[in-house]
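Trainee: Sharing the record's features from Swiss-Prot:
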type    : residues                                                           : note
BINDING : Ala7, Tyr8, Ser9, Gly10, Gly11, Leu12, Asp13, Thr14, Ser15, Gly115 : ATP binding site
BINDING : Tyr85, Asn121, Arg125, Ser172, Ser181, Glu257, Tyr269              : L-citrulline binding site
BINDING : Thr117, Asn121, Asp122                                             : L-aspartate binding site
Amino acid sequence: MSKIVLAYSGGLDTSVAVAWLKEKFGAEVITVTVDVGQKEDFKEIEERAYKAGASKHYLIDAKEEFVNKYIKPAIIANALYEEVYPLGTALARPLIGEKVIEVARKEGADAVAHGATSKGNDQVRFEAAFKALAPEIKIIAPIRMWGMNRKEEYEFAKKKGIPISAESKKYSIDENLWSRSIEGGELEDPWQEPPEEAFEWTVPPEKAPEEPAYLTITFEKGVPVALNGKRMELIEIIDTLNKLAGQHGYGRVDHMENRVVGLKSREVYEAPAALTIINSKKDLEKLVLNKREYRIKRMLDSYWADLVYDGLWFDPIRVALDNMLSELSENVNGDVKVKLYKGSLRVVGRRSPNAIYDKAISSYESEWFPSDEMARGFIDAWLMDSVVSFRKRYLK
């Protein structure tokens, strides 16, 4: 084995992995860092990669691709795993895997590697991308192989002269444009309230402004295109909402999560923009979709989120679901007015040129009402199956 391409975050695990891979396989190690919006010092990451022993380092700016190829379909699918988590990490991993494979092909590498552990979801997500896109390339998972604990990793890094000052952080953080995940420390106790020091994107709700913020989000075909009437690129909308909603304390998630590998974990997230966009659009869908469309879309949305969380981005059913959900979103056009106030978001208005709601028919103040004869006929036909089966079974 002569060349290994490693998905490199710059943290302890992947930095140790560089030196370990060189030592274990006698191979040249090429590191790849993919910029998906994480607030990192990429120059420092590059320097650390070389100090760890990398022969070459790639920094790939994939923010626009992340937004257009991954976040956009997630918005259309109202993607919230277990109804709360907007899949920031799960969406980024297939893209990172794809970029690692591109570099591996360019460099003529024999193998690719990742820094995921055997307890986490990311091992599945990375390897799904590797296997789908380059089944001929060998996959190496150093952390699953070396058997070192955290303390031993530090000692190994010190021995190899790898600078890991950032690893004194209390929590394990994964961040991109769509969400920020926080793990470790006292958060592993489900009874322990997350301390404020764990959060960066959102202010404590009780310290948010005393005055609410009203915001109008315009959607076209299920995708936000404007804020307060000003058209913006999706990446700009996400950035703006992360700041605005976060300033009002909105966007925190704290829940018990069912991992791909069968373990439960306590997960804490910040996702102000994601939750603002998705919860606004879900309300708009109620205005423009009929009852059957709405019910089917809710089912498909949930399945899409489960699929992506479980590492199956490269499954053909995901492509089919994208097509179905896009078709169902053709009429999801209009404006949603939301009120942000001290950690909460309320939809307070919605309008659409495609609205199915008709005040002239629905209002109790309108002159049109179904006749008694029409109502009786509908009720009898609607209830027949239920009434007959209930009486036959339980009123003998």
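Placement of Cβ uses the backbone N, Cα and C atoms for every residue, glycine included.
Worth saying up front: this structure is predicted, and the values here are computed from it rather than measured.
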Trainee: Out of Thr117, Asn121, Ser181, which of the binding-site residues is least crowded by other Cβ atoms within 10 Å?
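Mentor: Candidates: the binding-site residues Thr117, Asn121, Ser181. Fewest Cβ atoms within 10 Å: Thr117.
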Trainee: I want to check the contact list for Tyr85 (L-citrulline binding site): same chain, sequence separation of six or more, C-beta distance under 8 angstroms. What comes out?
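Mentor: Listed in sequence order: Ser179, Val253, His255, Glu257, Glu267, Tyr269, Ala271, Tyr309.
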Trainee: Hey, how far is Ala7 (ATP binding site) from Ser181 (L-citrulline binding site), Cα to Cα, in Å?
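Mentor: That separation, Cα to Cα, works out to 19 Å.
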Trainee: Using a 10 Å radius around its CB, how many other CB atoms surround Ala7 (ATP binding site)?
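Mentor: So the Cβ neighbour count for Ala7 (ATP binding site) comes to 25.
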Trainee: Run through the Cβ atoms and count how many others sit within 10 Å of the one on Glu257 (L-citrulline binding site).
Mentor: 17
Trainee: I'd like the Cβ neighbour count for Asp13 (ATP binding site), meaning other Cβ atoms within 10 Å of its Cβ, all protein chains included.
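Mentor: That number is 22.
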Trainee: Out of Ser9, Ser15, Ser172, which of the binding-site residues is least crowded by other Cβ atoms within 10 Å?
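Mentor: With the binding-site residues Ser9, Ser15, Ser172, fewest surrounding Cβ atoms within 10 Å: Ser172.
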